[in-house]
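According to Swiss-Prot:
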- GLU569: L-isoleucyl-5'-AMP binding site (BINDING)
- LYS613: ATP binding site (BINDING)
- CYS896, CYS899, CYS911, CYS914: Zn(2+) binding site (BINDING)
- 59-69: motif ''HIGH' region' (MOTIF)
- 610-614: motif ''KMSKS' region' (MOTIF)
Amino acid sequence: MDYKDTLFLPTTDFAMRGNLPQNEPKRFKAWYNERKVYEKMKAKRQSAGVSFNLHDGPPYANGHLHIGHALNKILKDIIVKTHYFAGENVRYVPGWDCHGLPIEQQIEIKLGGKKNETSKTKIREMCRAHAREFINIQRDEFKDMGIIGDWDDPYITMKFKFEAEIYKGLCEIAKKGLLIERSKPVFWSWAAGSALAEAEVEYKDKEDYSIYIAFDLSDEANKKIGAKGAKAVIWTTTPWTIPANQAICLNPDEIYVLTSENFIFAKHLLENLVQKGISKGKIVKEFASGELENLYAKNPLNDRPSKFILGEHVLMDGGTGLVHTAPGHGEDDYYVSLKYGIETIMPVDDAGKYDETIKTKKLFRDNVVDEFVGMHIFKANEKIVELLGDAVVSVGKFTHSYPYCWRTHKPVIYRATKQWFIAMDKPFKDGKTLREVALNALKEVKFYPEVGRNRITSMIENRPDWCISRQRDWGVPIAFFRDKATKEPIFDDEILNNIYEIFKEKGADAWWELDIGELLPKNCKYEAKNLEKVVDILDVWFDSGSTWRAVLKSGDYDAGEFRADMYLEGSDQHRGWFQSSLLVSSAINETAPYKSILTHGFTVDEKGQKMSKSVGNVIAPQEVAKKYGVEIMRLWVGLSDYSSDLKISDNILKQVSEQYRKIRNTIRFLLANVSDLKEIETNNFTMLDKWILSKANIAFEETNRAFRNYDFSKGFSVLLNFLSADLSGIYLDVCKDRLYCDELDSSRRRSAQSTMVLITRTLLPLIAPTLTYTVDEVMEFAPEIVKNGKKDAFDLVYEPLEFEDFKKNETGELFIESRAKFFEIIDTLKKEKKIKSTLELVLETSSNEILSHDLDEICDWYMVSHMRSIESRDFLAEFKVEDETFRLVLSDHHKCPRCWKFDAKNEDELCPRCQKVLNVK
């Protein structure tokens, strides 16, 4: 007879396979449209005592999303939901960065040769349309990932009011005296035709000249050190800067030597130069660097005088100890030359070519100068080396780390131009500088991981003044007027406020669309005819660094309060958004705009290599979603240690899919076995129920602590170990007999079901921040006893289980260790084909502690048919745990055709338990 229909087998409509790629889009669409889950999340927690807002670091509105975007937004979504499912009132307003060079370059490509004929207003209009197009594209792509946020009202930096707020912040900084305009060497992208901030520069290996050049000393300088025909030898990697040389800088504290070759070097570096073959090392004379100060050598390229000066920046870690100084091409060069009143010469134009300055300043000899006018500086290197002739002591090539424009990917140069800067070291607040205020503010910020604190602190300590001006079209203008006569900027409150109001109404385009008279307030004391406009625009990092003001302080967005609870971006943003936001906020508010910073690594392939189209190892999030599902991408983020680079590949995603399958099937088993339970019974928990509840309590709380500390990989490690080892590996397995075979309403069956419901209710909100789709699907198909009055995933709140640790008492240890040892022996017996199932066995033990418990429970624990005290001499195996003996004996009973336990007196006869359940004899 087939007894299958008499068993209480599991039943649920929650599918074994998620079919995520097919099903996710439908549920996501419902979240955004019919169910309005973000609005629901706000409404559900509006009376919560604790709030959390994550301020979104804006992605750039250009191009499609890549896997790095997916990592970033998923991690943000998980963290916001970690707070939400803990019962907190959360806010997340996504945003976009819209201004800047990449979009402008796209428009230049579209315009081709017509760019010069196109007005700034038209270019800006096209840039705005381009940004708008990609905001819509990226918004849909983010929503396709199931990211929850205020997608109906995101912040967009090119909105008129937003541009006005950026400008207002600039005005406040100007009025505090921190905005200065001066000519100074800055990173210059000749390919983009604009100045760059430090954050816009990336370093790559570049092959350059390594050249040692001898400058003849003047007669006076020779006489001063008692030499004849002495030569000061400098080392440089940029021969193209030699025409602009104005000085040779020595370290004020070092001793210098004259060698037998008549070369002057720092004594400290002589041995190194001997090894390089630059000198034989024989010292003729030693002297202090100060002896040459304010005397001259002669530039061998153009015979112009080069002044000997002293500077602390001259290090003894390479070169000759005599530093070629061109104040227009280096920051140290500029500052040290300033002290000596040396003129800054700039012979290079915006495009990186020599201009007419090389003629007027006689930077080349007359017979060759025409050849160099209009020549790109990098093409001039070889020709300059040739012209230097015998003055070249040594020349070669070497590879070194060199700054590149991160947008054009072309090498940049240092070039002195007139720019706007935010001063780092000018006192403004109680005598403190912006650098000091910012460093102070960082002390109040929490970092995840903590190493981020040292990184950004070091950067703030060592950074130069912030160059915020750009010579481009698409950005927020530095909308100030100058006095035509004096060229001084005018920071008049009435004018600045009027421009702010105009920008709010018409956008920053008004700066180019309106005449000066139209931009001035009525009855203004300044006359339009005496004024001129500043035509530079703001560094796009100033835009993003001002988002806290426009989003958190303006009242225009329901984004939470200033300061944000968290800023979260990739680790490169220590030098980018984290820093620009800190500086703008410190200048205006004297505080950081964030309470905490969390950083993540970059996505790399399985071998740890950077993703590159040329290498062919790029993984697009859209493809992952189509093949595996977004939920797998989310679990990949949850399982990964985001504090370092995250590896992703097809193989890794398959492994994550397997982990997801285990989680899903565990939940499915739990749901399927409680479908007939109407109310939880807590009075009759068995020892096994109490054991798994205590294990669940420990695992869930450790997981929750890790999640609340944003250590998701640790949390999932603990959780998955519990689900596979304790819950699925032991408890659910041993419960099958009482769930399927006991009477429907037996206390053992109901206590197991009650246990499973309690575990499920706690598990779902715990994993909901990461596996939101899955939990929402679970809630659709879960029986009412699991839902507990809740409608969907967004109604859930994590509440801990509270059960004591079962392993605290001695019996608990004995149970666990003996079971592990028992199943080790079972594996051997099965391999030896002595048994097929543990149900064929009787387990005998000398432990009175174990035998004092309910025997049915103990049988379930070891999954045997009988338990008894030691009595058999004929046994299959024997083992000891804690001085207690255990013997495995073949049962002399028959297999019950219903429950398969060896507890029937006769063949094909039901065991006593099954007879009772079916009411047969």
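A Cβ is built for glycine as well, from the same backbone N, Cα and C atoms used for every other residue.
Secondary structure at GLU569 (L-isoleucyl-5'-AMP binding site), taken from DSSP and collapsed to helix, strand or coil, is strand.
A straight line from the CA of GLU569 (L-isoleucyl-5'-AMP binding site) to the CA of CYS914 (Zn(2+) binding site) spans 61 Å.
If you take the Cα of CYS911 (Zn(2+) binding site) and the Cα of LYS613 (ATP binding site), they are about 67 angstrom apart, rounded to a whole number. The separation of LYS613 (ATP binding site) from CYS899 (Zn(2+) binding site), Cα to Cα, is 59 Å. Outside the motif ''KMSKS' region' (610-614) by six or more residues, the chain places 66-67, 602-604 with a CB less than 8 A from a CB of the stretch. When the alpha carbons of CYS914 (Zn(2+) binding site) and the residue listed as 'ATP binding site' are compared, the span between them is 65 angstrom.
Secondary structure at CYS896 (Zn(2+) binding site), taken from DSSP and collapsed to helix, strand or coil, is coil. Neighbour count (other Cβ atoms within 10 Å of the Cβ, all protein chains): 25 for CYS899 (Zn(2+) binding site). The secondary structure of CYS914 (Zn(2+) binding site), as reduced to three states from DSSP, is helical. The Cβ of GLU569 (L-isoleucyl-5'-AMP binding site) has 21 neighbouring Cβ atoms from other residues within 10 Å, across all protein chains displayed. Confidence across the motif ''KMSKS' region' (610-614), taken as the mean pLDDT and rounded to a whole number, stands at 79. What surrounds the Zn(2+) site, by Cβ distance within 8 Å of the Cβ centroid and not counting CYS896, CYS899, CYS911, CYS914, is the set CYS741, PRO897, ARG898, TRP900, LYS901, ASP903, ALA904, LEU910, PRO912, ARG913, GLN915 from the same chain.
Shown for the motif ''HIGH' region' (59-69): DSSP residue counts in helix, strand and coil, namely 3 helix, 1 strand, 7 coil. Cα separation, the residue listed as 'ATP binding site' to CYS896 (Zn(2+) binding site), rounded: 63 Å. Under a cutoff of 8 A between CB atoms, and with a sequence separation of 6+ in the same chain, the neighbours of CYS896 (Zn(2+) binding site) are PHE902, ASP903, ALA904, GLU909, LEU910, CYS911, CYS914.
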